Amino acid sequence: MGTTVRNGAGLGEKGGGVTFKSIHVDMCIASRQCWGMSKSDKTKSAILNVARKQFWAHGYSNVSLRDITSEVGVDVALVSRYFGSKLGLFQATLVDVYDWPELFESRNPDVAKVLIERLRDDETGQAVVQMLIANITDPEVGDMVQEDFTKRVVAPLETIVGSAWAKERVGMFLAAMIGMSMMRNSFGLTGISDVSDESYAQQLQHLARNALRYIA
């Protein structure tokens, strides 16, 4: 049996933040998606999952490779073997961070509906917001994270929105969606954090619809 990794959280483990699932070195043994994987592949997967949890919760510069490998229960040298470097490992955690096919691969998607559903899902949208909060101003990877977000989220959304005010609309829309997520899950702002999921969704819809109809 491997070493069990305790749950981590986003900004505060109580009253908000993102709750990351527990991870086990040999967790793939019981997972259908990992059937047939070699021991080395399972170890690589465990390192990646723990790195995602730690980097996204605490920020790249605040996490050492030893922090990650000690949770997994493996030698730090395996990071170089599988990912090349600490930066390579961080970049690997971002490969599918914006993997939202219902938004970026659909024809005429309902942008507001898709993003609202994503942001209400702790395992997808909330984790992405936490990653951005922890890393967008990081002295080592902040610029890279910002450029990646712009290329993979902002630019495609501007194309989808496709109007003379696309930049303004997308900017206001993302600011509203990400800001609301922070207020509800990290800051615990009354009137946002203490309402039902249904009421929160209505708040998001109100902001989203107005942002996407903006005319200068």
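Numbering starts at 1 and runs along the chain as displayed.
Each Cβ is built from the backbone N, Cα and C atoms, and glycine gets one as well.
Nobody curates TrEMBL annotations by hand; they come from automatic prediction.
Predicted, not measured: the structure shown is a model, and the values here were computed from it.
The DNA-binding region annotation in TrEMBL falls on one of the ranges 64-83, 84-103, namely 64-83.
Note on the domain 'HTH tetR-type' (41-101): its mean pLDDT in the predicted model is 96.
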